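Here TrEMBL flags 81-369 as domain 'FAE'. Taken from TrEMBL, the feature domain 'Beta-ketoacyl-[acyl-carrier-protein] synthase III C-terminal' covers 387-467. Residues annotated as transmembrane segment in TrEMBL: 21-48, 60-82, 184-206.
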Amino acid sequence: MPKISSPKYSQSMKQKYAKLGYQYIVNNILTFLLLPFMLTILILILQLSPNEVLSFYNSISFTSLPSICSLFVIIYVSTYYFMSRPRTIYLVDYACFRPPNMFRAPSASFVEHAQLILPTEPKSVRFQMKMLERSGLGEETALPPAIHYIPPTPTMVLAREEAELVIFSIMDSLLEKTRLNPKFIDILIVNCSLFSPTPSLSAMLINKYKLRSNIKSFNLSGMGCSAGLISIDLARDLLQHYPNSNAVVISTEIITPNSYLGKERSMLLPNCLFRMGGAAIFLSNRKSDQRRAKYRLVHVVRTHKGADDKSFRCVQQQEDPEGKVGINLCIDLMQVAGEALKSNITTIGPLVLPASEQLLFLLTFIRRKIFKKNSKPYVPDFKLAFEHFCIHAGGRAVIDELQKSLQLSAEHVEASRMTLYRFGNTSSSSLWYEMSYIEAKGRMKKGDRIWQIAFGSGFKCNSAVWKCNRTIKTPVTHSPWADCIDRYPVDIPDVVKL
């Protein structure tokens, strides 16, 4: 093989090794500072004779009262530390919904249905076809039966049937995987943004599985695609308060009552992206669950930009001029998401980035503020902090923008793209399909760090950081990718002509 000796290549290699050396020195600065000090002490000790060591020991006098007081202080401080430190939250296991094959919504069928439902609106049909061609969705995504009807029948009865199918399926799978007795569930949290019936979905679960009367149950609605991480944050706070407890979190979005049947383009886009899905997550703070747990929760960082009017209105459920209800996606959505991401990164960066990256960020920030105000801000290398990235599969544009902003490789966003392709935008549960993809590929090793990033109406950007507790062996049982993982990744063209 010919030897590469171009000046540009040599310079890039020098810069690479210089940066690696800088990172090694800065990240281990305490070791470098303490090592000479410890070596000096060790040399001085070795130079002492046995008589000198014995003389030094005898010169230290102990009295009973100071010894007792010192012992009391040590015990008190140790007890306070162990009692007050945050409890470790473990993710024991989770389950994702696998839609039946008969619910598949191939692109050709979707377009044909749109033509039959909107026969007098060819422009609206062409718009949906154009969006579907560029959406990044494959041919195996699923829609509930009510949306397959012509015209769609978004009744309360059919919405409840979809909710029962999705939620009971993932709950049954979770109970089987974890061997959990429903009677032993302490905390139950359900999040579903756009379908909030009475009795609630959490009450539906309590009735189905005959859960305890003193269970602490919560039902979150209207919080968008980032509600899954909000539920995780709520579960974490509750588990910090209640020792020796566990929590089950259900994240889903019910599609049946939310299909838009009008002609407003900004409200037709969700029809092309959102599909059936759901996930059930089992969390615990019990030491007995440590060995079997898959992950340990490290951080949850939430950013809410709702104080800004543009951010608040960029994703909104509303009526069109004809009185038909749908989700309106503002043209400024990606700009708003970018601003929310910057705020979230500013908070999470100091928690996860190595010292070398934090120092570079600080120096660049000072330079921009004092000397060159127009210079580009330094984007920290989050690949040094995480092995895996789970970016909310909200759409191709979302994944593209985050890959560019965070300077990620194609492999880093592979799980997000394949989840969007295979299952579509499943709202708050999409992060768990992505986590399951990484597991099914055999890439999740003990000690790996995972960054989950989700966006939601309001406008919110939420992050969760997990650390893998044990190497996940393949094949993964009850995985939504179990029978198809060998086919992925697939090449997804920029445009798929229909």
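In case you wondered, yes, glycine gets a Cβ from its N, Cα and C as well.
In the domain 'Beta-ketoacyl-[acyl-carrier-protein] synthase III C-terminal' (387-467), helix, strand and coil residues by DSSP number 34 helix, 21 strand, 26 coil. If one looks beyond the transmembrane segment (184-206) by at least 6 residues along the same chain, the residues whose Cβ comes under 8 Å of a Cβ in the stretch are 156, 159-160, 163-164, 167, 171, 212, 215-225, 227-228, 230-231, 234-235, 238-239, 242, 245-254, 256-258, 317, 327, 427-428, 456-457. On the 0 to 100 pLDDT scale, the model's mean across the domain 'FAE' (81-369) is 92.
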